[in-house]
Amino acid sequence: MSLRIYNTLSRALEEFSPIEPGHVRMYVCGMTVYDLCHLGHARSMIAFDVVQRWLRASGLAVTYVRNITDIDDKIIKRAVENGETIRSLTDRMIDALHQDADALGIERPTHEPRATAYVPQMLDMIGTLQGKGLAYQAGNGDVNYAVRKFPGYGKLSGKSLDELNAGERVAVQDGKHDPLDFVLWKSAKPEEPADVKWRSPFGEGRPGWHIECSAMGCALLGESFDIHGGGADLQFPHHENEIAQSEGATGKPFARLWMHNGFINVDNEKMSKSLGNFFTIRDVLKEYDAETVRFFVVRSHYRSPLNYSNVHLDDARAALKRLYTALSLVAPAPVEVDWAEGYAARFKAAMDEDFGTPEAVAVLFDLAGEVNRSKSPAAAGLLKALGRHLGLLQADPQDFLKAGAGLDEAAIQAQIAARAAAKAAKNFAEADRIRNDLLAQGIVLKDSATGTTWEAAQ
């Protein structure tokens, strides 16, 4: 196949061919469910949703795993603050996650494992690492990974151990042999709730964050699989540590290809609660429809930084409206996409080059121009069919355009009736006012011998 993907591990575009012909196995780091999902989560979910959609469009079967971290220091802290159990908090946040993902048109992954369901596999991997001399139990009961005993450490981040150590601000403490060593198993503390403690050969405790993904990935996809993805902020230390754990335990390459989506900023500043520019998905969906948010993400390349602002969202809304306006002109005909021809070939070439969604979106606009000129049902059908691969343009055009105008059909028809009554009473100033008010809301009235109809402004 002709698909090329940028591999963070090799720092190069690589021709993609799955380990098992015709079947892609992909793992993406999911959410830590102590709070509502934010914009950064939305970007990652949308980016890898597009990836799995295009892999399937390319004729490949996809086993897609996106995990849920449901045990973590932040989860424990929040549950204690709320006076609820860990399970109560995480169940509630997982329900909210699914609602947000569904709103954004995210297709459910094949598997969505909860970390707490895989503690036995984590303990097995820790035992293997200890048996190979790659892990040790410290005096405080924690089990740590001995980073300097794994020769490949730093290959994902591209840094030597000395460089990493120079940047490490944490002093050697709690029995660590080296500041770079990281925890595999956290010894239980007396003050911690009972529902965050598991029995183990190392004493009561809970798993560290990094070992969770290694164990779940190997359990569901095998010791070596095709793609591992996540946000750029996870490249180090999380993904570096996953490689050390998994390859240290199995002696095999963990993931052949590593993909990382770019950061999201707000008005050119890093999104953070301390700056007061932190937005949940639900905050954004109060102001913008979900497809506009998805379009805003998709029209930038997944590896590029993405700057959130009302100006950019307004622009995304206006751009998406232009595509739906084209679809409103003629009923799309069902089409069988011929990937070797014209617009479809250009779309495919864009997506086959590291999921080039900006170029693919440009093809959609060119095709929308063709629909505007020709009013061709086949061209409209192709526009809708190509949009589906990005999770776009599947709504009824009139419904989308009416929602954007802030009016429903009944409200528009009421205004049309009021205008007709004004004209009948020869109150032409009022009739013109109604027409102009609707135009300001993106609604164009069309008068004819049979009555008045409306369409969205182009």
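For all residues, glycine too, the Cβ spot is worked out from N, Cα and C.
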Task: Per Swiss-Prot record, range annotated motif ''KMSKS' region' [choices 205-209, 265-269, 270-274] - done: 270-274
Open item on the list: Suppose you had to name the range Swiss-Prot annotates as motif ''HIGH' region'; which of 31-41, 42-52, 339-349 would you pick?
Closed with: 31-41
Task: Spatial neighbours of the motif ''HIGH' region' (31-41) far in sequence, C-beta under 8 Å, 6+ residues away - done: 68-70, 72, 74-75, 77-79, 89-90, 93-94, 96-97, 100-101, 231, 263-264, 266, 271, 278-282, 284, 308
Open item on the list: DSSP on the motif ''HIGH' region' (31-41): how many residues come out helix, how many strand, how many coil?
Closed with: 3 helix, 2 strand, 6 coil
- [ ] Using all protein chains in view, find how many other C-beta atoms are within 10 Å of the C-beta of His238 (Zn(2+) binding site).
- [x] 17
Task: Among Cys29, Cys213, which are binding-site residues, the residue with the most C-beta atoms within 10 angstroms of its C-beta - done: Cys213
TODO: Count the other Cβ atoms sitting within 10 Å of the Cβ of Glu242 (Zn(2+) binding site), across every protein chain shown.
DONE: 27
